[in-house]
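Everything on this sheet refers to the single structure shown next.
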């Protein structure tokens, strides 16, 4: 097909014009992303000249250039000014790191901790400004929640509270849902769901007054059935759905709601191998004899070993999560969901677009290898993998994959 240079020229006039305007407003991120975008446009230009009519080529090039430059625009940020933010779960991990960053940015930070004498609390007291206030709170105790809510109402400016960061969370046991006591599910719901619900409802009058932000740290375990995280994942699923409701209902008030879905990061609780060993022993000590005989102690040992191995590969740098929380608090148009960390795109793609059998097999191989309980083993001593049992049984008449 005949080459048409004028669509190319028209598009390359429009794109640099917008880029120049963004540069003048300091609204364009420079560096490798910009170079990659220009290379993409050049390749697309070459294809359009050879494959499309002139008007179609101009439309495709101009639209692509406009979209690319929009994605490269620096997100507009609101000034910190005298904004106040309350963060739960600041003893360690994401909450602790976020409290320190927001304090350095000039926020008034109300940081709740489980223990005022914990290492994380002492660190915050030592390194942060006098604007940061430490508040003791256990989300399973209504009295603690009421005290923090009352303190916040008294000590926030007349404009109200700008942001609430629901960060506190808990995971207790790593085991099949049948092996976890019902009390474990209740505890996870109390901390991860009902605690966040009470804090959000209690602070909504202040947040509505300021047209502020609600930022909630959830988990991919609430979106997909990771093996052996049923209690934790169920509570996070309920939490994410609740925040979706708040997002719709608070829209007329100007309150924006964001959910953070981080990958696995190396927080203090993740690194605490002794804690996971203690919880495993606690589970074994309280497990009914019938379940212990059916599953076997070696099965639970294996699950915890695999879980600790997966945690050893956790991401050490917490800044992507802290940056996501900060953006949700200050961006003029924050995202509804943030996915900080590597590998989440692939996991969500598999979860949403592949057949259910493949999804379940992937989650098992990604997180915990499919070893079988003692009662299902084929008579061999020790652990036997599901693959070994399948080989012993010979080929099945139905070759279609089944979920483990």
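We count from 1, first residue shown onward.
For all residues, glycine too, the Cβ spot is worked out from N, Cα and C.
Looking at 361-382, 383-404, the range annotated in Swiss-Prot as region 'Disordered' turns out to be 383-404. For the pair residue 219 (substrate binding site) and residue 90 (NAD(+) binding site), the C-alpha distance works out to 18 angstrom.
The binding-site residues in question are 82, 98, and the one with the fewest Cβ neighbours inside 10 Å is 82. Around residue 106 (NAD(+) binding site), the same-chain residues six or more apart in sequence whose CB sits under 8 Å from its CB are 80, 81, 131, listed in sequence order.
Note: the CA-CA distance between residue 232 (active site, proton acceptor) and residue 94 (NAD(+) binding site) rounds to 17 Å. The DSSP secondary structure for residue 90 (NAD(+) binding site) is coil.
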